[in-house]
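Chemist: Okay, handing you the structure first.
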Amino acid sequence: MKSSQLILAGTAMAVVFGGLFLWRNGREAVANEAPPPSPPMSVTASVVRAGTAPSSLDAIGTLVAVRQVMLAPEVAGRITAIHFTPGSQVSQGQALVQLYDDPERAQLSSLQAKAAFAKNQLARSQTLAPVGAEPRSTFDQHQFDYQSASADARQVEAVIRQKLVRAPFAGEIGIRQVNLGQYLNAGDAIATLTDLDTLYANFTLPQKYLGQLRAGQAVHLTADAYPGRDFVGKVTTIEPRVGDATRNVTVQATLENTGHPLRPGMYAHVTLNLPPRPDVLTVPDTAVQSSQDGDTVAVVDKPNTQGVGTVAFRKVRTGIAGGGRVEVLDGLRAGEVVLTAGQVRVAPGARVKIAYDRHDGDGGDAGREAGRIATGNAGTAQ
């Protein structure tokens, strides 16, 4: 009996210790198992392309009037007449503002009478002096009197002309800043006069593009006030010096402003067309991340046939940007895949799944070409 109890107790202990052993080994086995890999992050990407690039440079320009002045009198006086309507078109030489000139006109009448009398005296002396009927000194005095009176009359005539403000050129007159009866000093503002037929567009470009700039190059301008409308001009002047602070060069284009939709002082988006260049690598501008340390792109290393690969960040040297794409001078090869969205969400070495950018280039064809290149890269990697 006692022997049977010992056997039962031993068996129970063996079962307990065996269960503990199996339970412990099971936990260790579970702990040693690797966790399942996380699914790759979905990102948008594009393929680095090589080809002939229709080069262009983009800039923000300011529109400037070719001819614009602030109308002002040359002399002081009280306004007696205003001959223009604000916002109207005026012709060259048109009378705009008349200042009080009655005293000058009265003085002119007196001087003109003196000049006429002196002229008659001179004419008589020209007849008498040659035959000795009048002293030569009298002839000289009459000649002096006539010339002096004529000069005085012309001087007053000049003052009278200054009392009438005229348009120096044809254009549109702005808001009137004076009133009838107001006294003006010389130089006081009357209104602006602007020739809107032709405008300048001034913009700046980095000095590295200076060698590609030429007078006569076409520029295209768009303004926020006229969405979708294209204005065309030509480069007319390139500033001969580069800015000390910015290292930018100032460029001036001239454009015809038919119908006067554009106005001086407006900002415009300027696109300067350059000659096409062959064998240029380009990527979408959204693929390039700029910082104080330079430009970087996120490259998907050897994506497989399912578009899955790992991310590596790489420094690049960029060139001309325009039309939504950026030229890559160094750091990439044709056919490599770069992220165009989601770069900030991934870390170096992260696994990603590519969705090719359908808005890149020619849409669906670009995506299919990207997939073909990616497949080729995967095959090479294997």
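All positions are counted from 1 along the displayed chain.
Note that Cβ sites are derived from N, Cα and C of the backbone, with glycine treated the same way.
Because the structure is a prediction, the values reported are computed rather than measured.
Not my notes, these are from TrEMBL:
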type     : residues : note
COMPBIAS : 358-371  : compositional bias 'Basic and acidic residues'
DOMAIN   : 67-194   : domain 'Multidrug resistance protein MdtA-like barrel-sandwich hybrid'
DOMAIN   : 201-273  : domain 'CusB-like beta-barrel'
DOMAIN   : 279-342  : domain 'Multidrug resistance protein MdtA-like C-terminal permuted SH3'
REGION   : 358-382  : region 'Disordered'
Chemist: Take the domain 'CusB-like beta-barrel' (201-273) and count its residues per DSSP category (helix H/G/I, strand E/B, coil), listing them in that order.
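Modeler: Per DSSP, the residues of the domain 'CusB-like beta-barrel' (201-273) fall into 6 helix, 39 strand, 28 coil.
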Chemist: Would you mind splitting the domain 'Multidrug resistance protein MdtA-like C-terminal permuted SH3' (279-342) into helix, strand and coil residue counts from DSSP?
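Modeler: Taking each residue of the domain 'Multidrug resistance protein MdtA-like C-terminal permuted SH3' (279-342) in turn, the totals are 3 helix, 43 strand, 18 coil.
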Chemist: Could you tell me how many residues in the domain 'Multidrug resistance protein MdtA-like barrel-sandwich hybrid' (67-194) are helical, how many are strand and how many are coil under DSSP?
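Modeler: Once the DSSP states are binned, the domain 'Multidrug resistance protein MdtA-like barrel-sandwich hybrid' (67-194) shows 57 helix, 30 strand, 41 coil.
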